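Accompanying notes for the structure given below.
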Amino acid sequence: MKETIVAQATAPGRGGIGILRVSGPKAVEVAHTVLGKCPKPRMADYLPFKDSDGNVLDQGIALYFKAPHSFTGEDVLELQGHGGQVVLDLLLKRILQLEGLRLARPGEFSEQAFLNDKLDLAQAEAIADLIDASSEQAARSALKSLQGEFSNKVNQLVDSVIYLRTYVEAAIDFPDEEIDFLADGKIEAHLNDIITQLDHVRSEAKQGSILREGMKVVIAGRPNAGKSSLLNALAGREAAIVTDIAGTTRDVLREHIHIDGMPLHIIDTAGLREATDEVERIGIVRAWSEIEQADRILLMLDSTEADNQDLEKVRSEFLTKLPSNIPVTIVRNKADLSGENEGIVEQNGYTVITLSAKTQQGIALLREHLKQSMGYQTNMEGGFLARRRHLEALEQAATHLQQGHVQLTQFYAGELLAEELRRVQNHLSEITGQFTSDDLLGNIFSSFCIGK
């Protein structure tokens, strides 16, 4: 018989309420042993919780959920008593004395919910993300993932891929049926539609990943542009040494901050110039390494220097050398010395913010800009949360879609296109964990009258 698991569902320590959760075939037996009866399904019952000698350990609310109508899909019993840890430990010890009961592993209740098709993998992960959410936006987005918004988008993509595979494999396996879908433009049009759909989901998932894991912001620029002063201003403390000596920062400095609950990883780097010694050279190499891994780059300019007044000169010196796929915000620092007013404008496709890191003038504008860059929305109607593994799976799927497009349009290779689509489907299924090869087989026989 399958084991029954039990664990404390509330955080350890003192509290108003403490909850033990039991899941498995012996949940009813636990109820009769500890409560003297099993409550009616989905009905709260106020009862004493007793030890093996019949002595009352505590009294509280008991809830019973009969399979499959429970979180795990199994029989579930919840005992909600007072939040004293000693009482909860005694009650847990009593339950574990029963044969066939064991302590649950971390996350095992959610695992059972997944195995019993109550949740897919993305939804199960969203439970942890909801618990760990550091902002209202993150919590709402995690809830949307838990409710299946991300999974639904992935499943729609999978359905589209299966539909296309159905046609392609029919053309390969049943040529006598005069199904020659590779000969017209319908397959390519449908493939292009899937590529477009996937690009939209990838964009949303990347935003959701930043919201969950934090945006990596790298401060870059010439020496003595005020990069370390900006790090200190954003961090709200003296995290970096600031002097008038160019090249003070030799190594990478990191600060983890929150703006209205939105997590940011701020990276201060060595000034970009021709190195004067080996230590500075190593620091500059590390700076470029951080730049290449950034989610956003803050390019610091000294607004008192004449060369920085011309954006074209800045473009030739810095912007053309920065990774083209990473968004760049130009920060004109030292407004207190140049006499410029704080402000934010769009110029030649770049956001340009004028501020003074020393006096904090304009820092609020930068904070708001970074917050909006992470997807912060005042109406809290943002999308779903996503993890790095989701992004990797979507990236792999996109790669194989593009390879499939090449096989179709350049080589007219139906077998290779079908193989690329199979790989796309497998990578997408890694997100939800719901794919089986029987899905495709059933689709072929139900969609076509082969042999008619």
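Cβ coordinates come from backbone N, Cα and C, glycine included.
The (6S)-5-formyl-5,6,7,8-tetrahydrofolate binding site feature in Swiss-Prot is assigned to ARG21, GLU78, LYS118, LYS452; the stated evidence is sequence analysis. In sequence order, ALA9, ILE19, LEU20, ARG21, VAL22, ALA62, LEU63, TYR64, PHE65 constitute the residues six or more apart from GLU78 ((6S)-5-formyl-5,6,7,8-tetrahydrofolate binding site) in its chain with CB-CB distances below 8 Å.
In the three-state DSSP scheme, ASN224 (K(+) binding site) is classed as coil. Around the Cβ of ASN224 (K(+) binding site), a 10 Å sphere holds 22 further Cβ atoms from the protein chains shown. Residues annotated as K(+) binding site in Swiss-Prot: ASN224, THR243, ILE245, THR248.
Within 10 Å of the Cβ of SER228 (Mg(2+) binding site) there are 24 other Cβ atoms, across all protein chains. The annotation GTP binding site is assigned in Swiss-Prot to 224-229, 243-249, 268-271, 333-336.
Here Swiss-Prot flags SER228, THR249 as Mg(2+) binding site.
Feature annotation from Swiss-Prot assigns domain 'TrmE-type G' to 214-375.
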Could you check what DSSP calls ARG21 ((6S)-5-formyl-5,6,7,8-tetrahydrofolate binding site) once collapsed to helix, strand or coil?
-> strand
Would you mind reading off the Cα separation of ALA270 (GTP binding site) from SER228 (Mg(2+) binding site), to the nearest angstrom?
-> 9
Going by C-alpha distance, which of the binding-site residues LYS118, ASN224, SER228 is nearest to LYS334 (GTP binding site)?
-> ASN224
Rounded to a whole number of Å, the separation of the Cα atoms of LYS118 ((6S)-5-formyl-5,6,7,8-tetrahydrofolate binding site) and SER228 (Mg(2+) binding site) comes to 50
If you count other Cβ atoms within 10 Å of each one's Cβ, which of the binding-site residues ARG21, LYS118, LYS227, LYS334 has the most?
-> LYS227
